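Student: Got a structure for you, questions after.
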Amino acid sequence: MEKYLKKNFEFDPKNRSEEAIRRWRSAVGVVKNPRRRFRMVADLVKRQETEQKKLKIQEKVRIAITVQRAAFNFLSAGQQKISEEARQAGFGIDPNELASIVRSHNLKSLNDHGGVDGIARKVSVSLDDGVIEKELLRRQTIYGFNQYLEKPSRNFFMFVWEALHDLTLMILMICSVVSIGVGLGTEGWPEGMYDGMGILISIFLVVMVTAVSDYRQSLQFKDLDKEKKKIFVQVTRDGYRQKISIYDLAVGDIVHLSIGDQVPADGIFMSGYSLLVDESSLSGESEPVNIDHSRPFLLSGTKVQDGSGKMLVTAVGMRTEWGRLMETLSQGGEDETPLQVKLNGVATIIGKIGLGFAVLTFVVLVTRYLVGKALKHEFLKWSSTDALVLVDYFAIAVTIIVVAVPEGLPLAVTLSLAFAMKKLMNDKALVRNLAACETMGSASCICTDKTGTLTTNHMILDKIWISEETKVISGNSNSGDTLKSTISEEVLSILLQSIFQNTGSEVVKGKDGNNTILGTPTESALLEFGLLLGGDFDTQRSEAKIIKVEPFNSVRKKMSVLVALSSGGLRVFCKGASEIILGMCDKIIDSNGVPVKLSETQVASVKDIINGLANEALRTLCLAFKDMVESSDGHNIPSEGYTLVAVVGIKDPVRPGVKEAVQTCLAAGITVRMVTGDNINTAKAIARECGILTEDGLAIDGPDFRSKSPEEMRELIPKIQVMARSLPLDKHSLVTQLRSMFGEVVAVTGDGTNDAPALHEADIGLAMGIAGTEVAKENADVIIMDDNFTTIVNVARWGRAVYINIQKFVQFQLTVNVVALMLNFASACLTGSAPLTAVQLLWVNMIMDTLGALALATEPPNDDLMIRPPVGRGVNFITRTMWRNIVGQGIYQLIVLAVLEIYGKRLFKITGSNADTVLNTFIFNTFVFCQLFNEINSRDMEKINVFRGIFDSWVFIGVMVPTVVFQAVIVEFLGTFASTMPLSWHLWLYSILIGSVSMIVAVILKLIPVEASAKISEHHDGYDTIPSGPESA
């Protein structure tokens, strides 16, 4: 089976080929209800149509961007007539004309309208204060809402209709109608109705339970989809900077853009520095575009690759090309997951076997019946009674197919994933890619960032080295006054300039009148320190005019700004990674604020200061400046000749619970590696505190790692626990080598724009929800909404739970399949009748399919999941342990049921005219209780105590109790429809006792060793061997 599954039903969870997708679909056979089975599978035809539409839109945008045709501009230059609604609302430009200016990149039309200022006047907005909140609805009514058309969600009755498309159920409905017709003719009213009505009622129950389960899943996925689309942007409204949802955005809004942001609507550039935008998502062109006043058009859906800026929104929602593109992209459906595909393969194999057994059972039953008629010399005498018997045989054969084809296997994966993702969403993890939830359970390595993931990301400037002295900053005004008293005014002045002029953050006043710092935690820590020293943001910024900005990114590891001073002359300020900035300096300010030559001795001394701060787990930055002459060519920012001002040490404490989470990972066989852009000493100090770096572990610098040959990497990578001063390229290279060279299943965290390749390459990409850019989130499989490493471990725990829950369900369902098939077939061969009727088999199918999936596939994770090694690549899904349990339980149940079938009347003294019906009811009842107790057994496939945590799984209890109650109702009160007879209390007791013996059988089976020893050699990080196999039990 596993060879067949690997050949036809296995593909990469992320980079799947269309050939592999088509291969498994063509291999699928014996599908009862394609509409339901393939509901959570991508529609390849619609995807091809979508791709064609996307290419057309890209071509249209590309023409508008690259071909500035004079004729087109001339035709577009004339102003369109304003609609009456827009005029009455007080606007001076029609929504369609405004949208077309940006969409067609029509610079002439923009200038005809008076540029950005003219457009702002016509949409009635102040470029300083932005949109007035109370006018928002009027504005959105005229210019539209920032939403695109989506496929309407399906209601409950659509799921009922889908469930009714099951081919076997449709055949059974026909059989039941025939049965009613024949029954009324032979037995009259109402007796002739009972058999057929019983089947119809059973079908109704199956359809309703299936529809309710599927509908609840759809609601969970709908909630998840809403969460995925929550993107927030910074805007100026009512004169205040604030964060709003992109869906609340309106024409006229002033949007603030920075590195990694997705442009949320079409708009016009107002101001900014070095704004570089990636338009490939719309135009298909890979080359990024510089946005400035000569090329001011920004398109919705594009990504900010570098720089920062402000834009005026001119079109939203379906008036943008991105809105039209998103409408088409939403029609292709979700990608299937590896487990869904694999279980489609399992269902196909079992379905074919079941179909064969159903045909054989029908042939055997009909043959025996015909032989019986021939022996009685009644072969040529046929009546409606004979027809009813043959219809019953056919119904039993069809019902065997209903039971035998495990339609619920692939859908159980969807159910389990929906449940897990809902729980993870509540636990601050948003799963964007369904397959990631499965894959995370197999993760053997996590490459994690430091800042914000292992640490709190709440940064405070703790120490500063200035004027050749180290000062401790306590965070209150007294420490600021103390520092000011120990340095000269000249030194303080240049320090405040370095802080306030060279920053990507802002100090803004909120509606409450209090100052708020908007920006990254590192920038915020520096600005807080500047305010502590008595600096004023607006005053400092007014003393110089910014000419050019080079924003910080993970490649440069520094930020530079060129300003024109009000006193005359140009000055460059630079800050960033301490070693890089120090290497750019050849002077240092003395205690009087005068630049003096930086000697070799002083360089060594500063390096010692930097290392000392880093060893205290402080993040170190150097601040520097350089004066330039007015005639400097092109205003290029230099890379040398700077004057060192200060070295600062910023504290970022380790998050509570991180050390315990790291230990949990190591116990689970998951290696944790820290990959950070920080100084190696800072990284080592934090890694030791978190329990990541051990005595035998290796900490390496990114440049050193890059210089290694493939042979050296093969030797080094298993020992690497910390990589410092790394570039995004280093992270990508490490992930690639771990996957290709060592076959590891790698999860990697990322927050920046440049982390996108590593997030895409990894088996599981984890983006940070707070610190992460929209570009990083878009390339990730899971978004960690609280940026906490503990949440990552929780994702791994749920990933393992999904995998093992599906295994439990498969074990349970295959056991029921084997027993039901063999019981009916053997009974048909031996006695000429089937002990389980169509109605009874439909009830068994409901227990093992929808209800079984609900009970077993939604079990919450337990602590034992994290003390076993991860599931490796290419491991058999149906393990030897599962086969042992399936075969063992199957043999026990078949022996018991065979004994009851042959010797039941004598053993339990069943007599009377209805003895056969009582015996069949007893067999049915015993069979059901065997399955119910086996369902409890399946809660743990290896350990003896299957009751542990049973009351934590409210779904399991909520399924088991009603199942037992309804079984009693069927036996005692619905005999007319279900062909049962009420049982005496002692037969009930025997049914329960025989069923419960399966738990003793399970204990005996679990003592039989079948799996090869899965011991892991001593962990390469120096930790003890993970207990596995019998030891973990």
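Glycine is treated like the rest: Cβ placed from N, Cα and C.
All TrEMBL annotations are machine predictions without curation.
As listed in TrEMBL for this protein:
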type     : residues : note
DOMAIN   : 112-184  : domain 'Cation-transporting P-type ATPase N-terminal'
TRANSMEM : 167-186  : transmembrane segment
TRANSMEM : 192-212  : transmembrane segment
TRANSMEM : 349-371  : transmembrane segment
TRANSMEM : 391-420  : transmembrane segment
TRANSMEM : 814-834  : transmembrane segment
TRANSMEM : 886-903  : transmembrane segment
TRANSMEM : 954-975  : transmembrane segment
TRANSMEM : 987-1008 : transmembrane segment
Student: Compare 192-212, 349-371, 886-903, 954-975 by their Cβ pairs under 8 Å to the transmembrane segment (391-420) and return the stretch that comes out on top.
Tutor: 349-371
Student: Are the transmembrane segment (886-903) and the transmembrane segment (987-1008) near each other by the rule of at least 3 C-beta pairs under 8 angstroms (pairs 6 or more apart)?
Tutor: yes
Student: How do the residues of the domain 'Cation-transporting P-type ATPase N-terminal' (112-184) split into helix, strand and coil according to DSSP?
Tutor: 46 helix, 3 strand, 24 coil
Student: For the transmembrane segment (954-975), what are the same-chain contacts with Cβ under 8 Å, counting residues 6+ beyond its ends?
Tutor: 198, 419, 843, 847, 851, 854-856, 858-859, 921, 924-925, 928-929, 932, 935-936, 939, 981-983
Student: Please give the sequence-distant neighbours of the transmembrane segment (167-186): residues at least 6 beyond its ends with Cβ less than 8 Å from one of its Cβ atoms.
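Tutor: Tertiary neighbours of the transmembrane segment (167-186) are 32-33, 192-197, 199-200, 203, 206-207, 383-385, 387-388, 391-392, 394-395, 398-399, 401-402, 405, 838, 842.
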